[in-house]
Amino acid sequence: METIHFTKVHGSQNDFFLVDEEENHITEWSDEKRANFAIKLCDRKHSLGGADGILYVTKSSEVGPIGQMRVVNSDGSIASMCGNGLRTVARYLLEKHALTDAKVETMKAILDVKKATSLGFDIPTYQVEISPVKFAAETLPMHVGVEKLFNQVIPELDAELAFSAVSVPNPHLITFVDQAVLDSNKQEKLASYLNSENPYFPDGVNVSFVKRLSDDAIYVRTFERGVGFTNACGTAMSACSLIKKMLDNNILETPLNVYNDGGRVQVTAKKDAAGEISLQLIGNATFVSKGSVRYENDIVTELTNEATAEQAQYQALVKEVKEFLKTTE
């Protein structure tokens, strides 16, 4: 029998159980055990309400970063990156080490994180780096007959929609649409197909439909690989922001407001001397509750769960966002 302590967290209502492997003495768990635990704990029918995944936090394998984040989705699959999750991990580790900025190791890169100015309503807000950014088909991987997909119709996917693809480093397929397409079932049908066995994206892909709201604002809805529709996907919002800036010839460094069903974030971008692009995702890092479970014979049983006051703060932002989005329909 094992007792596992957790913090229930969310970034833009993309929710997770954050589990510190060192404090729980589970650093020797196998990947299979981590996956099985995630499947059980993240079940939406569980008494704790489930989650989109587990953020396993442990020591970095490199010198410099203050910790490492590993993301396991609710279906047990591994995500190479999660922007919303990284903001909450950034907060957890920065508070643990009494810092305001540092580096955190993820599966594909070591990324800068720091505390940021609040989005409003006294919401804890953090900024995290999203990189590397790659457009080559092999980095997704993608097989649609082109080496780089940018604002192009792919008849096999849809006869009318123009798609762009980018890895950040997890793969994203993005198209800009109007409200009528958002209201249709096109996204669900396409995303479900591309995340089952198919010849175009053999490893699956995150599929985002984006609506322009103004010169400095977009709305993003994402079907996440391994999860399905979520309130928000941090890497998707970052990737969509970059594509918008490229399509509209926007200044990379200018903040873009990104609205989603889970709230609002800001995204900026920059290009270094070598021409490499990196993104900065700025948004909430909300701690919903702290608790513990018993894990025995592949069964997860709730022991404790104490809520914080932070969700009420975030819901004030959500109310503001919903009222704004109504005016854009």
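Glycine residues also receive a Cβ, built from the backbone N, Cα and C atoms like all the rest.
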Checking Swiss-Prot, the member of Asn185, Asn206, Asn250 that binds substrate with Asn14, Asn73, Gly83, Asn84, Asn170, Glu224, Arg225, Gly234, Thr235 is Asn206
Counting across all protein chains, other CB atoms within 10 angstroms of the CB of Cys233 (active site, proton acceptor) number 32
Quick note, Asn14 (substrate binding site) and Cys233 (active site, proton acceptor): C-alpha atoms separated, nearest Å, by 7
Whole-number Å distance separating the Cα atoms of Asn170 (substrate binding site) and Cys82 (active site, proton donor) is 8
Residues near Cys82 (active site, proton donor) by Cβ (under 8 Å) yet at least 6 apart in sequence within the same chain, in sequence order, are Asn14, Gly53, Leu55, Met69, Val71, Cys233, Gly234, Thr235
Taking the centre of the Cβ atoms of Asn14, Asn73, Gly83, Asn84, Asn170, Asn206, Glu224, Arg225, Gly234, Thr235 as the substrate site, the remaining residues of that chain with Cβ inside 8 Å are Ala79, Met81, Cys82, Gly85, Thr222, Val227, Thr230, Cys233, Ala236
